[in-house]
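**Q** A single structure is presented below for examination.
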Amino acid sequence: MPDLAISVSDLSKKYDSGLAVSHSNFQVPAGTICGFVGPNGAGKTTTIRMLLGLISPTGGTGEILGQSITSPDKYLSQVGAMIEGPAFYPALSGAENLRVLATLGGFPIERVDQLLEQVGLAERGKSKYKTYSLGMKQRLGIAAALLPDPKLLILDEPTNGLDPEGIQEIRQLLRSLADKGTTVFVSSHLLSELELISEYLVMLRKGEVVFAGPMQDLFDAQQPFMLVKTENESDLAKIISLAANAGHKAHIRDGVAHIEGPAEWAGVLNKLAFEAGILLTQLSPQLPNLEETFFEMTGDQK
Amino acid sequence: MILSVVRIFFAEWRKLRRPTLLLGTLGAVAFFSVLVSSLLFLLIDSPQGNGDRGVRITREMLALPSGSTQAFSSIGNLLGIIALCVFAAQTAQEYSLGTLRNLLVRQPGRIRLLVGKLASMKVFAIFMTLVGAIISIGVSFALAGGKDVNTALWFNSDGRIEIAKTALNVYISVLGFGIIGMVLGILLRSPISSISIGVLWLLIIENIVGAVKSSTLEWLPGSQLATVAAGGTETISYTHALSLSGIYVGVALIIATTLFTKRDVAN
């Protein structure tokens, strides 16, 4: 069993409105990048809040860096976090905001300038936070999370508001942190980004963990599929019916039929369509990717 | 524990010392100090009175060792309202801006966080009190000569004791108002709500209730804190006001601390 950065067992949070997180079980090995995904309202932020001691679980247990989440003071000095987007004092400069947190946590004040440099805010460090763009605020949030030189970095939607170049920079930053041994637990809606950087994945749906483990295990468990378009959109239903009759699961999403099956079966489908008088305008075999798998497993719509 | 509180103190101080807040607050303190001190001396011969609620403060009263602090002690209430606004805003904004979650990630000891924040605000209240004292005594001294008020006893040993005593009383009062603001900030989690409810209660509701039934002024919290600043009044003794203020502030702090430590930080 590798060292675990995060381990939760039967973790639950119940509000008056219902269970926000239901008996979650997952583990995140130390030194990895772990994606944390789920549709809106799946319980990602509630889980993160529990891991950071901001809210109390109503059931189950959890450990961060070997310490119980009921004693956050024992591990939070080694944890950096940005939850629900950046939150700072608008009237203070970016640098002064970081100094407030550095002073509070007992971290060297010199780190503030280094981190501003690292996240590309060196030239705007003295500007008031309220003058920052969304992307700059996001960068400041990441800098704040890096203040403790964390062993575990928990980021909630770190690439919100960033341009493609910024997203790439953050991806490289997270990769370099993981290479140095930092565990990165990152939630994002940018599934293609997570697919590029994550080795582990935790997927939530309606408060329950539907997958937790190495990313490759997830893909190995998925069927290859093909995307099919027809000249007349009304023929898609017929294609779905043809596939179903041949024993292949299929559904329509965004005007495209998604049909499970190996690439070799594409020829058979093409023949079946031709015989049924349906003209195909696209027939492309696909390997499972995170986005497709996510929609498959969470039942969420694009 | 102590080291954590010291860190929280200095982190909070970084927020309190920003020029717009510090200078703005001290500017308001200076304005009210000048206003009340000036009116006290400029209206000294007015038949409508020159003190709070039409009370006449004569030259003879102002010539006593306590004369230098007459104006200062009567602005305690106003300084208290300013402290309430500042403390309430500083506390409630942590919820409304979402910065409380950052603070709690860096300092999960919630009681320590509250103690450190309060310690920092106490120092802020000292600055407010000192500025109020210096300006109101300075203006009083400057205007006294022109209005034939004898200041010979103001700065002798009795006078200095009066100044120190009044400064302490005003400080206790300002702190009491400030803590009530802080508690409202924790309870309501919105700067606008906590400031408006606090000010509405202290400036309007207490005055209406007191006007309808004057005996209630012996029990209302704002009235007690104002009485502490004044060092006692004819109708409310200093000891009564101080004890009752202590009970109000203590109970409010217990409720706020319990809520602050137990409540989920979900925003």
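Note: Cβ is positioned from N, Cα and C throughout, glycine not excepted.
Okay, so TrEMBL annotates it like this:
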TRANSMEM  B:21-44  transmembrane segment
TRANSMEM  B:71-89  transmembrane segment
TRANSMEM  B:123-146  transmembrane segment
TRANSMEM  B:166-188  transmembrane segment
TRANSMEM  B:195-212  transmembrane segment
TRANSMEM  B:241-261  transmembrane segment
**Q** Is the transmembrane segment (B:71-89) in contact with the transmembrane segment (B:195-212), using three or more Cβ pairs under 8 angstroms as the rule and ignoring pairs under 6 apart in sequence?
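**A** The transmembrane segment (B:71-89) and the transmembrane segment (B:195-212): touching, yes.
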**Q** How about the transmembrane segment (B:166-188) and the transmembrane segment (B:21-44): at least 3 CB pairs under 8 Å, pairs 6 or more apart in sequence, or not?
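**A** Counting Cβ pairs under 8 Å (6 or more apart in sequence), the transmembrane segment (B:166-188) does not reach the transmembrane segment (B:21-44), since there are fewer than 3.
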**Q** For the transmembrane segment (B:71-89), find every same-chain residue at least 6 residues outside the stretch whose CB is under 8 Å from a CB in it, and list them.
**A** 21, 25, 28-29, 32-33, 36-37, 40, 51-52, 121, 124-125, 128-129, 132-133, 136-137, 139-140, 166-167, 169-170, 173-182, 184-185, 191, 194-195, 198-199, 202-203, 222, 225-226, 228-231
